[in-house]
């Protein structure tokens, strides 16, 4: 990962965000992205390899694992992080579009140039709507993924033992998940930070509407 480019993007997002937006960005970067990169990815690295069932029937373990974990938890989390951070970049792109448009008008009009956007990063007009919709989209994405995680992991916890009776398993077999307590702790941590991010996004949206 090119941390210089990433730092530049973060600086741009911070520059055009409100105080609530800066808190949201810090929370996402420190408590979600870094936890994912440093710790969570390693915790789930052995989820399929160490999923053990008390049978030697070929294919039974794979079928049971696919049934109980249709989508990898860590890949869902990665997709969530990608989708939830993209709207912030749209705000930067909108500001860059304003600046490019001002530069083009300045070149075309010369001395008679009248500045339409003295402060391109000021949230008014189309940029205000872009910023507001980005907040609602981020909150919506987090809520949808909270529901998806709840459907896959009831009460956001992983059981120590799951019973499986699917072909080609010869009968009801017991399957054991690798490190269920540790994975449950990380899942609850993820859910808690996601809920805080949703609240921050909604509070910031209310702040923008009230300020306008």
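Backbone N, Cα and C atoms are what each Cβ position is placed from, and that goes for glycine too.
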Exercise. When TrEMBL marks a stretch as transmembrane segment, which of 77-97, 98-118 is it?
Worked result: 77-97
Seminar exercise, completed: Tertiary contacts of the transmembrane segment (126-150), defined by C-beta under 8 angstroms and 6+ residue spacing from its ends, are 16, 24, 73, 76, 79-80, 83-84, 87-88, 90-91, 94-95, 98, 156, 187, 190-191, 194-195, 197-198, 201-202, 204-205, 208-209, 212
Exercise. According to DSSP, how is the domain 'Connexin cysteine-rich' (141-208) divided among helix, strand and coil residues?
Worked result: 44 helix, 8 strand, 16 coil
